[in-house]
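Structure below; questions to follow.
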Amino acid sequence: MTELFIDGAWRDGAGPVFASRNPGTGEPVWEGAGASADDVERAVASARRAFAAWSALDLDARCAIVKRFAALLVERKEALATMIGRETGKPLWEARTEVASMAAKVDVSIAAYHERTGERRSPTADGVAVLRHRPHGVVAVFGPYNFPGHLPNGHIVPALIAGNTVVFKPSELAPGVARATVEIWRDAGLPAGVLNLVQGEKDTGVALANHRQIDGLFFTGSSDTGTLLHRQFGGRPEIVLALEMGGNNPLVVADVEDIDAAVHHAIQSAFLSAGQRCTCARRILVPRGAFGDRFLERFADVASRITADVYDADPQPFMGAVISARAASRLVAAQAKLLELGAAPIIEMRQRDPALGFVNASILDVTPVRELPDEEHFGPLAQIVRYTDLDDAIARANDTAFGLSAGLLADDETVWNTFRRTIRAGIVNWNRPTNGASSAAPFGGAGRSGNHRPSAYYAADYCAYPMASVESAQLQMPANLSPGLHF
């Protein structure tokens with residue numbers, strides 16, 4: 001199959017054949033040959049050739065193409081959502097919101113370019129100081145599987161607006177979504193070579209990341225892979241490296257009047273997208289005592305009734321399958337490890353079928369675990385930690401090398417003010433789920449959760465570099481010469 005998009009044309013890959021499957025049914029979704037090292041070379045060379053003309057194109061002309069892409073996303077919303085659902089297992093209702101977010105981020109990215117980059121002029125005594133922004137050149141974009149349309153475009157859209165050209169390596173678990181998205185870019189009128197698609201598994205990614213002709217690498221994915229990339233580019237300051245990675249995110253539940261509202265937000269935080277959002281709550285901190293007991297009883301009751309089904313089931317389920325049978329088995333293994341360390345099961349996770357990705361929402365009380373592993377389990381595995389007071393809750397919440405998202409459910413604003421001042425995370429929410437984020441706000445975290453702020457407003461910052469100039473339209477001698485100069 002012609003599954004690579006290089007220099008404006010679909011081409012056959014010369015790498016190994018691989019396939020994606022619907023994790024809820026096992027049916028094949030996509031099959032094709034990945035990109036070899038030579039294919040990656042051709043893709044980077046194509047992007048390099050296209051850079052001069054694309055970066056010289058008027059900003060309004062670049063934005064017009066990007067806006068046309070957004071319009072086509074709206075027109076083709078159902079087809080793309082169906083592909084997302086088939087390949088990732090997420091329910092159609094959620095896949096549709098992903099496509100809508102892809103389209104909405106375009107206007108945000110254009111506004112961000114104007115407000116955070118663009119051009120600024122300031123008069124000086126003998127001319128004008130001008131701040132402009134220049135694109136880096138050829139950038140590699142690595143996309144994840146959990147939002148295979150939305151998250152890569154959080155890098156691609158601002159990169160293209162700024163004048164960069166792109167080589168896109170999607171997750172090997174969602175190649176069909178990548179192909180469908182690139183087809184929309186092609187139909188939007190993107191010139192040949194401006195966006196190139198290299199499908200493939202690990203070897204393709206290594207070839208792209210190691211290429212000496214890329215000027216930047218923008219990555220969304222696991223902290224382990226991002227850390228390897230960070231180590232790889234040590235000693236290469238010329239490479240712009242933007243990493244958006246995972247988190248071991250805490251949600252602190254305080255005594256609140258509306259227990260059902262707190263349970264709802266905890267369910268959304270822990271189990272939305274089958275727990276496959278980097279901002280999902282992995283640890284839910286619950287107070288000791290009667291209120292905490294009532295909260296946990298209600299939380300377990302609601303979680304036990306969450307349905308998980310195929311992406312196009314009618315009625316629609318809250319959760320679909322996780323991305324693969326292998327991912328499901330890893331989650332069950334992670335649960336077993338926590339149980340061995342002393343965790344108490346409240347709802348135990350089980351894999352419905354060893355050949356599929358269905359697992360149930362699960363809850364473990366890990367309070368008895370003396371040394372709780374600081375790990376991100378990417379699925380519906382909620383860990384309960386009981387705490388004594390607010391200081392104890394914040395200390396436990398901050399006991400992580402990650403720092404992506406955190407949340408507080410509390411009626412008392414003074415509690416919130418203390419929490420927001422002392423918690424360490426890039427996204428900190430009050431009486432909202434931990435995975436709720438504004439498109440117009442920075443998205444990203446501290447510590448092992450990454451650097452920069454991709455996917456939204458601040459993405460413009462790493463897609464172009466500032467160029468400062470002091471300018472005068474007339475060449476003339478200064479009124480006063482420096483000491484020691486004689487003309």
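For all residues, glycine too, the Cβ spot is worked out from N, Cα and C.
Pasting the feature list from Swiss-Prot:
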ACT_SITE  Glu244  active site
ACT_SITE  Cys278  active site
BINDING   Gly221, Ser222, Ser223, Asp224, Thr225, Gly226  NAD(+) binding site
Any idea what the Cα distance is from Gly226 (NAD(+) binding site) over to Glu244 (active site), rounded to a whole Å?
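Computed Cα spacing between Gly226 (NAD(+) binding site) and Glu244 (active site) is 8 Å.
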For the NAD(+) site (Gly221, Ser222, Ser223, Asp224, Thr225, Gly226), what does the 8 A shell look like? I mean other same-chain residues with CB within 8 A of the CB centroid.
Phe219, Thr227, Leu228, Met245, Gly246
Tell me whether Cys278 (active site) sits in a helix, a strand or coil according to DSSP.
coil
In Å, rounded, how far does the Cα of Gly221 (NAD(+) binding site) sit from the Cα of Cys278 (active site)?
9
Given Cys278 (active site) and Ser222 (NAD(+) binding site), what distance in Å do their CA atoms have, once rounded to a whole number?
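With the alpha carbons as reference points, the distance is 9 Å.
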Which residue, of the binding-site residues Ser222, Ser223, Thr225, has its CB surrounded by the fewest other CB atoms within 10 A?
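Selected from the binding-site residues Ser222, Ser223, Thr225 on minimum Cβ neighbours within 10 Å: Ser222.
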Can you check which residue among the recorded positions Asp224, Glu244 has the largest number of Cβ atoms within 10 Å of its own?
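Sorting the candidates by Cβ neighbours within 10 Å, the top entry is Glu244.
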Quick one: what's DSSP say for Asp224 (NAD(+) binding site), helix, strand or coil?
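Its secondary structure by DSSP: helix.
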